[in-house]
Amino acid sequence: MAKRIDVSGLSAYYGSHKAIDDISMTIEPRTVTAFIGPSGCGKSTFLRTLNRMHEVTPGGRVEGKVLLDDEDLYGAGVDPVSVRREVGMVFQRPNPFPTMSIFDNVAAGLRLNGNYRKNELNDIVEKSLKGANLWNEVKDRLNKPGSGLSGGQQQRLCIARAIAVEPKVLLMDEPCSALDPISTLAIEDLIGELKERFTIVIVTHNMQQAARVSDRTAFFNLAAVGQPGKLIEIDDTERIFSNPSVQATEDYISGRFG
Amino acid sequence: MSTTLTSKHRSTLRGGHLPKWSPLAIIAGSVAAGLGISAAAGLHSSIQWALIAAVVFVVATYGIAAKVEGRRQAKDRIATSLIWVAFLLAVIPLASLVWETVKRGVKVFDVYFLTHSMGVVADTEPGGGIYHAIIGTLEQVGLASLIAVPIGVLTAIYLVEYGKGKLAKAITFFVDVMTGIPSIVAGLFILSFWILILDMGYSGFAGSLALSILMMPVVVRSTEEMLKLVPNELREASLALGVPKWRTILKVVLPTSIGGITTGVMLAVARITGETAPMLLLVWGTNFINNNPFEGPQASLPLYIYQQYANSSGANAAYDRAWAAALALIAFVMILNLVARGIARWKAPSQH
């Protein structure tokens, strides 16, 4: 079910500004890959190119290839909408739909896409909420608005919403940066469980988090402000945090700069 | 120990305080001063003594507060009192207008008045009512809304969700220009286009066309503002689920903002309900009930008020009817506003 991502020579632009330059990497199915690096180095931009959310931003465009199990996401005739059904996304700030109940939020992807059978819907919602470790907390108030939940619960609701449409890959853009340590722990445990079923890519500013949850870690950096961000290295997380091959990675991880 | 120490010094955190009732006392004092000065100077207008009282109030507030509390607190109080004076200046005309209309309007305002037309009553005689005008207003405003609301909302959706570049800028510019079109110009435009060029004849629908021109920019503007308030994160969340853009707009963006959009539409309806000039040119007015807005002259509430005043050569019965119709018009607009507020509250995304 999970799919491999194969990126080659990918550059992304905002209008004439080049945000990331010539990135190539392979992300194996059923692994967690963490992106780390200083602010503005293009981690989030790169993440958003993986499900064509980058081009939602006015002026956003991409050069290069992203293969999802041999199929180029940027190939001719590829519909970004179908790409996003394969590659789901969880955002930095929890963003449940305010007009919908908890149940409707989880069902939103299926309902809005129109491809579901009515009798399946209850099962899918229950399965997704259980998958997001939220079922026990909300099973008695599925008809209440999702915005009434705590921040951590809202973020797990968003994860449930994302996995309800059964994507092959799950992208997470700093999913814990707005959460307290306990909610963060809950999400990190969840990531460990989800990687059995999905390919997961997570952007994080928290290096301990990257070390805890990921199998592979990619370090991004930029030469100077205004310069495009670059992939410095990608390797097994253990190696990156113990014995990275590039000096800049070690400097960043150990807190030494310049 | 420490308390005895600090009590010897003057506290930097606590200063003098005016008692809670002091603004009221200053108001009473300044009103008395205003009345006293007016009486002494032989001024008779209530506006004059009220203005004097307001000036005395502001000055006295500053003086007393500066003496007791210090200059910064005095400035704070003077800002507060200036806001209160401005508030009163804004409310007094409104309150007196409503009061005057109710006082004069209730004389003939009853069920008979609401359910009868002027068909068998001469303009100078008592009796008759506004039924035909209510029918006309409802139909004309309803048709105008049917034309203007879909176009306006769709334009706003285009501007916020799709519009980029020159076309969007041009549309925004023309919407701004349209906001400033005087109603008589909208009326003349429909008169020349619909009645003189297309040769369609006077009708309620011709009036609706002019009203929809006046209504459209208001709907576009308010809907645009409401759509902009929808956080981008919600759009992205929906797009990231693999939902096409048009369904995202239909199922996520519009439901989130529907309360605000409804309020905007209701306010636009309220704005056009009172328009008289285009009706004068296009609907013509009649004393009889005409249920068909597409043929023949119709009445409408603002037109009725104008005609009762203009055609009655000063008869009291006609003046009473004009005031009562004005009361009905204000009540209608007020009910629309309340409905809009109710819908906005009911549809607002709730927290619990």
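In case you wondered, yes, glycine gets a Cβ from its N, Cα and C as well.
From a predicted model like this one, the values you see are computed outputs, not experimental measurements.
What TrEMBL says about this one:
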type     : residues  : note
TRANSMEM : B:21-41   : transmembrane segment
TRANSMEM : B:47-66   : transmembrane segment
TRANSMEM : B:78-99   : transmembrane segment
DOMAIN   : B:134-340 : domain 'ABC transmembrane type-1'
TRANSMEM : B:141-160 : transmembrane segment
TRANSMEM : B:172-196 : transmembrane segment
TRANSMEM : B:202-220 : transmembrane segment
TRANSMEM : B:252-272 : transmembrane segment
TRANSMEM : B:322-340 : transmembrane segment
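When each of B:47-66, B:172-196, B:252-272, B:322-340 is scored by its Cβ pairs under 8 Å to the transmembrane segment (B:21-41), the top-ranked stretch turns out to be B:47-66. Ranked by number of Cβ pairs under 8 Å to the transmembrane segment (B:78-99), the listed stretches B:47-66, B:202-220, B:252-272, B:322-340 are led by B:47-66. Scored by C-beta pairs under 8 angstroms, the transmembrane segment (B:172-196) has its highest count with B:202-220, from the stretches B:47-66, B:141-160, B:202-220, B:322-340. With a threshold of 8 Å between CB atoms, the same-chain residues lying at least 6 positions outside the transmembrane segment (B:202-220) that come near it are 136, 139-141, 143-145, 147-149, 151-153, 155-156, 159, 175-176, 178-179, 181, 183, 186-187, 189-191, 194-195, 264-265, 267-269, 271-272, 275, 278-279, 281-284, 290, 292-298, 300.
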